[in-house]
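Asker: Input: one structure, supplied below.
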Amino acid sequence: MKVLAILYDGGKAAEEEPRLLGTTENKLGIKDWLESLGHELVAVHPASTQRAIIQVSSSKEGPDSDFQKHIVDAEVLITTPFHPGYLTRELIEKAKNLKLCITAGVGSDHIDLNAAVDHRIQVLEVSGSNVVSVAEHVVMSILLLVRNFVPAHEMIERGDWEVARIARNAFDLEGKVVGTIGAGRIGYRVLQRLLPFDCKELLYYDYAPLPPAAAEAVKTRRVEDLKDFVSQCDVITVNCPLHEGTRGLVNADLLKHFKKGAWLVNTARGAICDKDAVAEALKSGQLSGYAGDVWDVQPAPKDHVWRTAKNPLGGGNGMVPHYSGTTLDAQARYANGAKQILENYLNGKAQDPQNIIVGLGRYETTAYGQRDKK
Ligand code: NAI
């Protein structure tokens, strides 16, 4: 049985820091565990041994990539959202042995889930493993935009000191209306963390209403119409999965309904926001700021417009590489979770239901869009 793991190269950092588990060097900690079971783990050269059961590589783009070469006979695929191996329908059709896809982390949109349903390939993720990590990053990003932190820090590094240039676009979070698109594990934790900031209101937009006690606990109000929702918010944070219903959800048309000068934080998935429309809204001042860590293609091209987009005052950009959900604390949790899913599979044990995104021939979650269950 072949297990194929597509991870990112950690280089020197991963050699020096063994807790960087999500890397090709440290292999999610699965190496030691498999060896203890008498299996052998090898790198990407299958010719080197007949006993290889797991192939680990970062090479994922194009027909000559290890991903595309090894997917054709892999039974289990392990990927992370941070360095996504894009498993398209076309690749799924070539992957005749594939039975299980494990996402080491949360968010399996890099896999064509509808094709996985059609081909009875199960897709599991480590639900909850990094939701606090992301929620903390969201709160940080909201604050750094609202308080105009990045230009202030850059000014200090340059050796300048012009308080007025920073303060003219710095505000308090207190008294603002903050809303989340998606109030699942991450969105809800964001609301919990925002409660002590005394915002004017905390709103949410989600087709799945929160239980009344949960909504009451964070004093949030649901707004059912998206345009109505965005028009009420000073700050919007995106916390829903990427699926057919959310791809391009924040586009030029929706951005027109935002309050002038709103701040937008997206740590969910890059493709939920239209790249050019967001850059244009920032440039025109319709948005005061855009921050997040997710990009429509990863790694993001060097000339991706979100790397350098600015508001008319030269600030408002809080973009970073995809790492909010891959703190060392998070890596320990999702590496363990991925290992547990693989162990269950190898031993024919039942999987934790909350981890199953696609079961045999059907979606097992309602979070990836409103659809009739097959
Ligand atoms: P979850 O499944 O607990 O919650 C998702 C919520 O979004 C659900 O309540 C669902 O009903 C809602 N939703 C789905 N479609 C919607 C729509 N069209 N409009 C409004 N709400 C909608 O998921 P969780 O754990 O909160 O994660 C959410 C997403 O965050 C993941 O799918 C992933 O894309 C992203 N994520 C990003 C990470 C990072 O490192 N940047 C790490 C972990 C997750």
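Any Cβ shown, glycine's included, is placed from N, Cα and C.
According to TrEMBL, the feature substrate binding site maps to VAL106, ASN130. The NAD(+) binding site annotation in TrEMBL covers ARG185, ILE186, ASP206, PRO241, LEU242, HIS243, GLU244, GLY245, THR267, ASP293, HIS322, TYR323, SER324, GLY325. Residues annotated as domain 'D-isomer specific 2-hydroxyacid dehydrogenase catalytic' in TrEMBL: 55-350. Residues or ranges marked as domain 'D-isomer specific 2-hydroxyacid dehydrogenase NAD-binding' in TrEMBL: 140-311. Summarising the annotation, TrEMBL assigns site 'Important for catalytic activity' to ARG269, HIS322.
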Asker: Taking only the Cα atoms, work out how far THR267 (NAD(+) binding site) lies from VAL106 (substrate binding site), in Å, as a whole number.
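Answerer: That comes out at 12 Å between the alpha carbons.
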Asker: Within 10 Å of each Cβ, count the other Cβ atoms, then let me know which of the binding-site residues ASP206, GLU244 comes out lowest.
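Answerer: Comparing Cβ neighbours within 10 Å for the binding-site residues ASP206, GLU244, GLU244 has the fewest.
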Asker: Can you check which residues sit near ARG269 (site 'Important for catalytic activity'), meaning Cβ under 8 Å from its Cβ, same chain, 6 or more apart in sequence, and list them in order?
Answerer: GLY107, ASP109, PRO241, LEU242, THR246, VAL294
Asker: Find the longest CA to CA distance in the recorded NAD(+)-binding set ARG185, ILE186, ASP206, PRO241, LEU242, HIS243, GLU244, GLY245, THR267, ASP293, HIS322, TYR323, SER324, GLY325; express it in Å as a whole number.
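Answerer: Result: 25 Å between the two most distant Cα atoms.
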Asker: To see if you understand the setup: which same-chain residues, six or more apart in sequence, place their Cβ under 8 Å from that of SER324 (NAD(+) binding site)?
Answerer: ASN130, SER133, VAL134, GLU136, HIS137, VAL138, THR267, ASP293
Asker: Around ligand 1, within a Cβ distance of under 6 Å, which of the recorded positions ARG185, ASP206, GLU244, ARG269 show up?
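Answerer: Within range of ligand 1: ARG185, ASP206, ARG269.
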Asker: Should VAL106 (substrate binding site) be counted as helix, strand, or coil on the basis of DSSP?
Answerer: coil
Asker: For the binding-site residues listed here (ASN130, THR267), which one has the lowest count of neighbouring CB atoms within 10 Å of its own CB?
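Answerer: Output over binding-site residues ASN130, THR267: least Cβ neighbours within 10 Å is THR267.
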Asker: Cα-Cα, whole number of Å: ASP206 (NAD(+) binding site) versus VAL106 (substrate binding site)?
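Answerer: VAL106 (substrate binding site) has its Cα 18 Å from the Cα of ASP206 (NAD(+) binding site).
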Asker: What same-chain residues, at least 6 away in sequence, bring their CB to under 8 Å of the CB of VAL106 (substrate binding site)?
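Answerer: Looking at Cβ-Cβ distances below 8 Å from VAL106 (substrate binding site), excluding near sequence neighbours, one finds PRO81, GLU125, VAL126, SER127, GLY128, SER129, ASN130, VAL131, ARG185, GLY325, TYR334.
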Asker: Using DSSP reduced to three states, classify ARG185 (NAD(+) binding site) as helix, strand or coil.
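Answerer: The residue in question, ARG185 (NAD(+) binding site), is helix (DSSP, three-state).
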